[in-house]
Every structure is written in structure tokens, then in C-alpha cells.
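**Student:** Input: one structure, supplied below.
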Amino acid sequence: MSEKTPKLRTALDGIPTYKPGRPAAAGGPVTYKLSSNENPYPPLPGVLEQAVTAAGAFNRYPDMACTGLMAELSERFSVPVEHLATGTGSVGVAQQLVQATAGPGDEVIYAWRSFEAYPIVTQVSGATPVQVPLDSDEVHDLEAMLAAITERTRLIFVCNPNNPTGTVVRRAELESFLDRVPSDVLVVLDEAYCEFVRDAEVPDGLDLYRDRPNVCVLRTFSKAYGLAGLRVGFAVAHEPVAAALRKTAVPFGVSQLAQEAAVASLRSEAALLERVDALVAERTRVVEGLLGQGWTVPETQANFVWLRLGDRTADFAAACERAGVVVRPFPGEGVRVTIGESPAMDLFLEAAEGFRKAL
Ligand SMILES: *Cc1c(COP(=O)(O)O)cnc(C)c1O
């Protein structure tokens with residue numbers, strides 16, 4: 001027997017593992033999961049029925065080209081089908097984007113702290129992550145990101161609103177940034193939470209991409225549309241980029257269930273967006289409650305709030321858990337709390353108040 005073990009790429013050394021939000025504990029006191037930015041509402045009736053019908057045919061492979069979903073997206077967002085690409089969640093599409101643009105020796109720029117999938121997909125491609133710290137208001141520092149561009153930069157992620165801080169970059173500064181990024185560097189506007197934005201100064205990436213061939217907009221059905229478990233997201237970009245995404249896609253990655261549920265969700269958009277409105281109202285209530293308790297909360301345009309707790313992060317998360325809500329701690333940095341159902345947010349606000357009083 002040989003002593004040798006399979007040779008693995010050294011690029012995999014040191015890749016951080018994705019940490020999913022912890023589930024709510026089974027049994028015991030009522031526990032709510034506020035750790036993964038999920039939509040707390042169950043699937044809409046029409047969407048669920050469509051998915052059940054699709055499930056009846058899962059002995060068959062899905063439509064690899066996602067024809068029905070592409071047609072629906074094309075119409076809904078007024079973009080040519082050739083500008084669309086789908087993937088297994090927008091994380092899947094993000095991975096395809098990096099694979100299509102960057103390999104060993106190339107650099108991928110993103111803000112930090114931002115979405116934890118960025119370092120993973122960058123390193124899986126063998127590219128070098130370049131992390132640019134958020135500014136003191138927890139906002140993308142676009143000037144510093146511009147300054148970080150080198151000959152080797154291939155892709156820049158701009159997460160708007162930013163996960164986990166909820167902060168946004170607004171139209172004027174984003175346009176000025178895009179005007180100065182070299183045209184051969186792809187800028188990915190990750191808009192996973194765009195449906196929750198109520199600030200009119202936050203641009204819709206779809207308006208920005210149209211006359212910018214180096215801009216790609218990333219969207220998902222996982223958050224506002226409530227299909228996190230089905231894994232479907234999409235990108236909108238000019239033809240060469242969209243075509244590259246189709247090349248890097250895992251064949252048959254997006255299940256028929258996911259495709260049909262996504263189409264049904266787009267057709268039930270009014271009802272879905274009503275739920276989003278309710279979550280936005282709940283967000284306002286939670287932020288005001290926290291501010292009233294004396295917390296500093298960065299302005300959030302997403303379905304979560306961020307508390308920079310530093311050394312007290314783990315204690316705070318434990319206090320929330322004792323109160324019946326599971327939040328998402330980033331050790332030593334802060335806690336991200338998803339806006340969920342009102343009873344969950346009541347428990348959270350109570351826990352936050354108790355924690356603050358005991359400081
Ligand atoms: C949740 C999230 C996504 C979406 O992930 P899916 O793979 O579509 O479920 C993408 N980007 C950011 C910033 C997110 O927070």
C-alpha cells in the first residue's frame with residue numbers, strides 16, 4: 001500500500017468554512033431562529049402548490065436552461081434573456097462569477113466585514129482576497145476600494161445593503177465609483193436584500209448595469225421571496241458575462257422545483273411584497289426600540305440589524321438564546337439579528353434591554 005494521499009490544491013488551505021445560522025432548539029421553551037436572514041413566513045399557497053406539482057416529476061432532470069424562469073425574469077425586469085443567468089442560490093452564481101473571472105494570481109476586492117461567502121468563493125478559485133475595511137459608520141469605503149485596485153484586480157463585490165451591517169451605498173457615490181473602476185474589472189452589485197430597501201437614494205442596480213458592460217447585478221429568491229431552501233438566484237449582466245456564467249454553471253443545478261416555485265413567486269409578487277412591507281415595519285419598530293434603550297444601531301435597509309458588541313458578542317448572543325431567540329454572533333465583532341415575526345422581536349427587545357441594564 002502506498003503512503004501517499006490524494007493531492008489537494010493548496011488554494012484550499014485556510015479557506016474559512018461557511019457558518020450557517022444556528023437553528024432554533026427543538027423542544028424546550030419557544031425558540032425563534034433569527035440567525036439566517038430568512039423570511040419567517042411559510043410559502044404562499046400558490047407557490048407551495050406549484051412546487052408540490054413539480055415534485056411529482058422529480059424522476060426527471062430539470063430544464064437545464066431554466067427556460068420558463070428566464071422568460072419570466074426577462075419580462076418582470078425588462079432585460080433580454082441573453083443578459084440573464086441562474087444558479088443554485090446567488091451564492092452559486094457568485095462562485096460562478098469568480099470562476100469566470102479570477103484564478104491564481106488574480107485579486108478579488110470586497111468590503112469587510114461583508115458576506116462570508118466572498119472569501120470562500122474567492123479562495124476556491126485560487127484567487128487572492130483583498131478585504132477593504134468598512135468605514136467607521138459600518139458602510140462600504142468605496143474610495144478605499146478604488147485605491148485597492150491593481151493590475152491584478154478582476155472582480156469587486158459591492159454588497160448593497162451590506163450583510164451583516166444592513167448599511168447602504170447611495171446612488172451618487174456608487175455611480176462615481178463605477179465611473180472610476182477600470183472597464184475591464186467586473187463589479188458585482190450583490191442586491192440580496194434590495195426588496196427591503198426604503199431609502200430612495202439607494203439605486204436599483206438594474207438601472208446602473210444597462211450602460212455599463214462591467215456591472216453585474218446579483219439577486220436571489222432566498223430572502224424576500226422566501227425560497228431559501230430551494231436554492232435559486234440569478235445574475236443580470238451584459239452578454240459576455242452572462243454567457244460566461246452559463247459556462248461555469250453546474251449542469252442541472254437549479255431543480256425544477258426551484259424553477260417553478262420561483263416563477264410562481266414572481267407571479268405572486270404583490271402578496272409577497274406585502275409581507276416584506278410588514279417586515280420593514282417590524283424593522284422600524286425594532287430599531288426604534290433599540291435606540292430607545294440606548295444602543296447604537298447603524299441605519300439598516302435590510303431584514304436584519306447589526307449590533308457591534310466587540311468582546312460582549314458571545315455574552316449577548318447567549319442572553320438572547322436564554323430569552324428564546326437564536327441570533328448570529330460574529331465572535332469579537334458583533335451580532336446580526338434577523339427581523340422575524342413580532343413575538344420573536346418582542347423577546348429579542350426584552351433580552352437586549354435586560355443586557356443593557358446589566359452593563
Ligand atoms: C443571503 C445572501 C445571499 C443569497 O444567498 P442564496 O445563495 O441566494 O441563498 C447573497 N448575498 C448576500 C449578501 C446574502 O446575504
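Every residue, even glycine, has its Cβ placed from backbone N, Cα and C.
So TrEMBL says this about it:
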- 33-343: domain 'Aminotransferase class I/classII large' (DOMAIN)
- LYS223: N6-(pyridoxal phosphate)lysine (MOD_RES)
- 1-22: region 'Disordered' (REGION)
**Student:** Counting only residues 6+ away in sequence within the same chain, which have a CB under 8 Å from the CB of the residue listed as 'N6-(pyridoxal phosphate)lysine'?
**Tutor:** ASN37, GLU38, ASN39, ALA192, TYR193, GLU195, PHE196, ASN303
**Student:** Which residue counts does DSSP yield for the region 'Disordered' (1-22) in the helix, strand and coil classes, in that order?
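**Tutor:** Split by secondary structure, the region 'Disordered' (1-22) comes out as 3 helix, 0 strand, 19 coil.
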**Student:** Mean pLDDT for the domain 'Aminotransferase class I/classII large' (33-343), rounded to an integer?
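**Tutor:** When the pLDDT values over the domain 'Aminotransferase class I/classII large' (33-343) are averaged, the result is 97.
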